[in-house]
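For reference, the structure discussed in these notes is given below.
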């Protein structure tokens, strides 16, 4: 099936997992976290701070803003920064998707520009049925050994915890989680960069912890609810 999908995608000239996806420039808050292992997605929330999933605590991370195609080494208007320190949530465990959040303090502040701008943080929970933009990078399925080469965004809605539980019966969907996507997901080949953000009306409400499939094709994803972690986020930023 993967081979057929690869051939069709090559003929059509696209590797979009969802026909409703949006391709284009990188959202100014979106961060590509490059490592010697696997990349992750992050979000700029302050000139000195990036938030991502705790499972992205990977060796030799480099923080890259403004990049559309990580496989293109000639891309312009890209800003690269080293990090000073990582702060994983103290309750995070690799055996669970709970508390899957991490803050990264940059070595130097990112200058506000068209290509780099911090996203707003939430002051309340996100309502069910709210429309959100989920962005991350997709891999070319014909050669997943290379860097991902396609930035994509899909607009999907927040679903209820009951709907989410129906999609993920093996998981305990807690108050500090939100679920975004379509039930049920579509079982097509896909590979994307993990830790995609859910931004609703310009506000960051979620960071992806888990998805059985790919969020770029609108499969349901379980996200850390940023609002529920605001006390921890504010405390780390204030004291470091």
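Every residue gets a Cβ built from N, Cα and C, even glycine.
Taken from Swiss-Prot, the feature signal peptide applies to 1-16. The disulfide bond feature in Swiss-Prot is assigned to 40-56, 132-200, 164-179, 190-214. Among the features that Swiss-Prot reports, active site, charge relay system is placed at 55, 100, with the record citing sequence analysis. The N-linked glycosylation site annotation in Swiss-Prot covers 155.
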Entry from the disulfide-bonded residues list 164, 214 having the most other CB atoms no farther than 10 A: 214
Distance [Cα-Cα, Å, rounded] between residue 132 (disulfide bond) and residue 55 (active site, charge relay system): 23
From 155, 164, 179, 190, 200, 214, the recorded positions whose CA lies within 10 Å of that of residue 56 (disulfide bond): none
Using Cα positions only, nearest of the recorded positions to residue 164 (disulfide bond) (40, 155, 200, 214): 214
Cα-Cα distance linking residue 200 (disulfide bond) and residue 179 (disulfide bond), given in Å to the nearest integer: 13
Neighbour count (Cβ, 10 Å) for residue 40 (disulfide bond): 25
Which recorded positions sit within 10 Å of residue 200 (disulfide bond) - Cα, from 40, 155, 190: 155
Coarse DSSP state, helix versus strand versus coil, of residue 214 (disulfide bond): coil
Alpha-carbon spacing, residue 155 (N-linked glycosylation site) to residue 100 (active site, charge relay system), which is rounded to whole Å: 23
Assigned element (helix, strand, coil) containing residue 40 (disulfide bond), judged by DSSP: strand
